[in-house]
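What TrEMBL says about this protein:
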type	residues	note
COILED	62-89	coiled coil
COMPBIAS	1-13	compositional bias 'Low complexity'
COMPBIAS	22-31	compositional bias 'Polar residues'
COMPBIAS	245-263	compositional bias 'Acidic residues'
REGION	1-37	region 'Disordered'
REGION	237-273	region 'Disordered'
REPEAT	195-226	repeat 'WD'
REPEAT	277-318	repeat 'WD'
REPEAT	319-360	repeat 'WD'
REPEAT	363-403	repeat 'WD'
Amino acid sequence: MPVESSSSSGSRQAKQKRKSHSLSIRRTNSTEQDRSGLQRELLEGQDSKLPLTLRTNLLDLFSQIEREFENLYLENIELRREIESLNDRLAADGQAVEGADLAKGALKTKASHSTSQLSQKLKTTYKASTSKIVSSFKATTSRAVCQLVKEYVSHRDGIWDLSATRAQPVVLGTASADHTAMLWSIETGKCLLKYLGHQGSVNSIKFHPSEQIALTASGDQTAHIWRYMVQLPTPQPVADTTTPCEDDVDSSDKDDVDGDAEGPNDCPSVRVPTTTLRSHQGVVIAADWLVGGKQVVTASWDRAANLYDVETSELVHSLTGHDQELTHCCTHPNQRLVVTSSRDTTFRLWDFRDPSIHSVNVFQGHTDTVTSAVFTVGDNVVSGSDDRTVKVWDLKNMRSPIATIRTDSAVNRISVSVNQKIIALPHDNRQVRLFDMSGVRLARLPRSNRQGHRRMVCCSAWCEDNAACNLFTCGFDRQAIGWNINIPALLQEK
């Protein structure tokens with residue numbers, strides 16, 4: 001009867017499905033001989049208009065693909081175990097190894113690809129992911145020693161910028177949101193002088209290349225040039241606080257200096273600048289000296305950078321073109337070149353080497369705010385961004401970067417060492433990392449509940465001529481830190 005026929009047919013289909021499912025499970029763990037037998041059994045139990053030979057060849061090809069995916073699946077299981085183990089070790093860093101979703105990305109191949117193309121793509125993806133793991137392990141187990149030497153604490157608000165003097169005596173300068181700039185003894189950590197001339201946040205500080213003159217930029221829409229006279233105190237022995245980079249333990253979100261920091265009782269102050277530069281209609285976020293020290297450039301939130309003559313205080317050029325607020329400006333150490341960065345995701349190179357021609361080049365290498373762009377002594381520009389990347393550019397050919405560093409946090413004001421060209425990256429996530437110009441990670445500065453920054457790190461500055469501290473960092477934890485980086489050991493790990 002029709003009903004019985006339908007029931008019988010449904011029963012046979014259900015049995016056939018269970019049988020096919022059972023055969024599929026058995027095939028996963030069977031030998032090649034069993035696979036051939038199962039293939040023939042499936043072919044005999046299925047209706048098809050294709051010739052048996054062609055069906056056999058197709059099934060052989062699908063079996064090869066299946067074996068490729070089986071091997072990949074086993075490799076991915078092992079890879080995931082390694083990733084989980086690595087992420088546990090790097091949890092304190094706030095890092096995550098890319099490639100955790102390897103299986104999903106690796107399996108997105110077009111059906112039209114041949115078996116060999118599919119296999120090659122899977123191998124390439126797997127190799128790239130394992131290379132990242134090897135690189136991360138290498139960076140984590142670096143033997144380079146990064147020693148915290150001195151902490152400079154007196155500011156009552158976050159420190160935006162810092163730099164070391166180029167002329168003798170060598171001192172450290174800090175610019176803070178508490179409306180002050182301070183000069184410090186590098187060896188003793190004592191405040192030598194406080195500048196009180198600004199009415200707004202001090203956003204930048206740079207020193208004249210040969211004289212005891214400082215340049216500061218402020219939220220009061222001005223830049224000040226002021227002279228200073230300091231006497232260095234007798235240095236005291238420094239306690240050994242050596243901490244290997246690989247042994248530091250990340251701290252919790254514990255904040256430091258919850259109360260007001262105690263200001264220096266005997267610190268002299270300067271209240272009146274020798275020169276005030278007024279032309280901007282917004283916050284002056286950064287300023288720097290051109291080579292020779294006769295001109296300065298300022299960058300503002302009014303979307304313009306201004307070039308001033310120091311002796312006359314006159315505006316020489318207004319550098320316009322950025323679509324949004326400027327974030328930083330930097331001058332070349334040996335040539336009349338200026339680079340400005342902006343929230344419009346670009347940075348611009350201004351050339352003043354020819355007095356009759358002032359050329360400008362626009363570079364669009366980032367996808368978010370360019371927080372800083374700096375020159376090296378050679379022919380390179382290094383740019384950092386909120387898009388969590390740092391890019392190295394060749395001045396002779398800046399169509400595309402020669403190296404790209406990808407990080408896990410926004411990058412603030414970077415600096416590059418003069419002699420070894422090591423890039424120091426201050427991050428929003430309180431970390432400071434060191435890279436070489438080719439993008440290889442060298443080290444991460446130690447940070448724990450006992451030392452290191454506890455809030456966003458705003459700026460880094462190298463001072464390789466100083467024997468005690470050759471790297472300085474500052475942040476919103478209201479302190480600047482002097483580090484001694486063992487550069488030979490650092491480069492030995494490359």
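Every residue gets a Cβ built from N, Cα and C, even glycine.
Here the repeat 'WD' (277-318) has, by DSSP, the following mix of helix, strand and coil residues: 0 helix, 23 strand, 19 coil. With a cut-off of 8 Å between Cβ atoms, the residues of this chain six or more beyond the repeat 'WD' (195-226) that come close are 157, 160-167, 173-183, 269-278, 280-289, 291-293, 296, 298-300, 308, 310. Here the repeat 'WD' (363-403) has, by DSSP, the following mix of helix, strand and coil residues: 0 helix, 21 strand, 20 coil. Counting residues 6+ beyond its ends, the repeat 'WD' (319-360) has Cβ neighbours under 8 Å at 282, 285-291, 297-307, 366-375, 377, 381, 383, 385, 387, 395, 398, 413, 418 in the same chain. Secondary structure of the repeat 'WD' (319-360) per DSSP, as helix, strand and coil residue counts: 0 helix, 26 strand, 16 coil.
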